[in-house]
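Enquirer: Structure in structure tokens, see below.
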Amino acid sequence: MTDPCKPQACAIQGCLTKTGFDESKCSHLIDSLYECCSKFYNERGADARTPCCPVPSLLRLKLEQRACGPLDAKRVR
């Protein structure tokens, strides 16, 4: 099985590398991954697994947290 969310996960890794691991600058890509993962579980069910997505219960928690405001770590200089 190919991982449908691998491009989003790889984009996060590239962004983190490019920005010196400043997670706050990659927030839009993290959101994109979580959207992809939500679609993945909606289409394939909660028992589906992929290495690029958190398990459904953790994904729900992450989405709830992100809905409350910015949570990404900012790099301390």
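Glycine is no exception: its Cβ is also placed from the backbone N, Cα and C atoms.
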Enquirer: Considering the candidates Cys5, Cys68, which is the cysteine that Swiss-Prot reports in a disulfide bond with Cys36?
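Expert: So the cysteine paired with Cys36 in Swiss-Prot is Cys5.
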Enquirer: Which residue in the list Cys26, Cys37 does Swiss-Prot annotate as forming a disulfide bond with Cys15?
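Expert: According to Swiss-Prot, the disulfide partner of Cys15 among Cys26, Cys37 is Cys26.
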Enquirer: For a three-state summary based on DSSP, what are the helix, strand and coil counts in the motif 'Cx9C motif 1' (5-15)?
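Expert: Residue counts for the motif 'Cx9C motif 1' (5-15) by secondary structure: 10 helix, 0 strand, 1 coil.
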Enquirer: Roughly how many Å lie between the Cα atoms of Cys26 (disulfide bond) and Cys5 (disulfide bond), rounded to a whole value?
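Expert: About 16 Å separates the two Cα atoms.
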Enquirer: Could you tell me the mean pLDDT over the domain 'CHCH' (2-44), as a whole number?
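Expert: Value for the domain 'CHCH' (2-44), mean pLDDT as a whole number: 96.
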Enquirer: How many whole Å apart are the CA atoms of Cys5 (disulfide bond) and Cys15 (disulfide bond)?
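Expert: Pair distance, Cα basis, whole Å: 16 Å.
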